[in-house]
Amino acid sequence: MNNSTTTSVNITTTDDIPTVTWKRVITGIVLYGIVLLTIFGNSLVLVAVAKTKRLQTVFNFYVINLAITDILVAVCGMSFYTTNTVLGYWPFGSFLCGVWIFFDYGMTFASVFTLIVISIDRFWSVTWSVHYRAHHNKSKCIRLIIAVWVFMIVLWLPPCVLDRVNNAVPGQCIWEPSNNKEFVIVIATIGHHGSFAILLICYIRVFYVLRKRNNLNLVGPLQKVQDQPSTSRVVNGISNKIDESQSKDSIEESAVAKGTVANKKIEIKKSPTSLSPPNRNGIHLDPISIITIPSTSQIKPDAAMVNNDDVKKQRQQLKSDRRNDRHERRVFITLTYILIGYIISWLPFHIVFDVSAIAPDKVSTNVFVITFWMSYCNSTINPFLYNFSSTDFRNAFRELLCRK
């Protein structure tokens, strides 16, 4: 994905073909190596998602779109520009010059708009999680991706075609900013600074919400029930004359039964030991049983206890919440890597682009070419970012590459 607004690619005749030098050979090997690595890495991403069930998530639909975009960057953008760099001229003709310019800009927009959709998706997920789970699905994700491509074509195809019709110069392959000043403003606003601002705002918001969530360390209701301490209470009865043959008496006691409180008979064995010493009222008290019940101020006789079904639901909900939190953190980590890669790769070019639009003589050719290739290399490093940030991708890559 790239912008080439100030890049001029000359179209020369065969008489002007430069001689082959070691510098050109080494440059060609390195640059074509980058092109092949970009195609291979992003193709590996597509195969990994297709073959690994665990990777077939809604979020990874956006990753698939980025991978497809990066492959098109390598095939339709980097390969053409590499050939031009090695040969020193544009050998493909005027028509393919227009194709190259379209894909060079178009894939830039497709990539950055996909990142914006990802960031808004994460913002929606962590801010309104219930609404997100109820309304977000794979079909909606696919529709958003289609919308990204349609918007890119509507935004970029007309200016590209009009420029080729009105401003094409024989012997040059160039999209000249001075001939398209209005669209330069659009590029800077939509493709660069506006998109960058949206990405940062969404990312900071997601980071804040996730950190706040972790700091609160909320405990589920099930944990509260499970963590309640219990206390043993000695049930004392007033000693009466009891026959030795009577081994047990029955008393009515409130008992917990699957969501209701029912009066059940609890068998209480009397101790055969002698009576306890009389209390201050002169009444003998005989310990007869020990009952363990939850120690809580909310428990009262005849009060309904927690329904076992509710406990199961709470346990399932707690597990689901924890699973969702882990998923959000994993996705956030992947998004972090992608955004860091995007910023490092594209920010220098954005700066050079702005400076060259205001004072083109302040930007040297070497500086422009370096930042130009840095933006291209964002497509190369994305598969590595998926590998470093996601255990699932790492395992899938290892399985694909290390098969015997």
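Glycine too: its Cβ is placed from the backbone N, Cα and C atoms.
Automated prediction, rather than curation, is the source of TrEMBL annotations.
As recorded in TrEMBL, the features of this protein are as follows:
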TRANSMEM  29-49  transmembrane segment
DOMAIN    41-386  domain 'G-protein coupled receptors family 1 profile'
TRANSMEM  61-81  transmembrane segment
TRANSMEM  93-120  transmembrane segment
TRANSMEM  141-158  transmembrane segment
TRANSMEM  183-208  transmembrane segment
TRANSMEM  331-353  transmembrane segment
TRANSMEM  365-388  transmembrane segment
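Here the transmembrane segment (141-158) sits against the transmembrane segment (61-81); at least 3 CB pairs are under 8 Å, leaving out pairs fewer than 6 apart in sequence. Contacts between the transmembrane segment (93-120) and the transmembrane segment (29-49): absent, as fewer than 3 C-beta pairs lie under 8 angstroms at sequence separation of six or more.
Across the domain 'G-protein coupled receptors family 1 profile' (41-386), the prediction's mean pLDDT works out to 74. Here the transmembrane segment (29-49) touches the transmembrane segment (365-388). Their Cβ atoms form 3 or more pairs under 8 Å, with each pair 6 or more residues apart.
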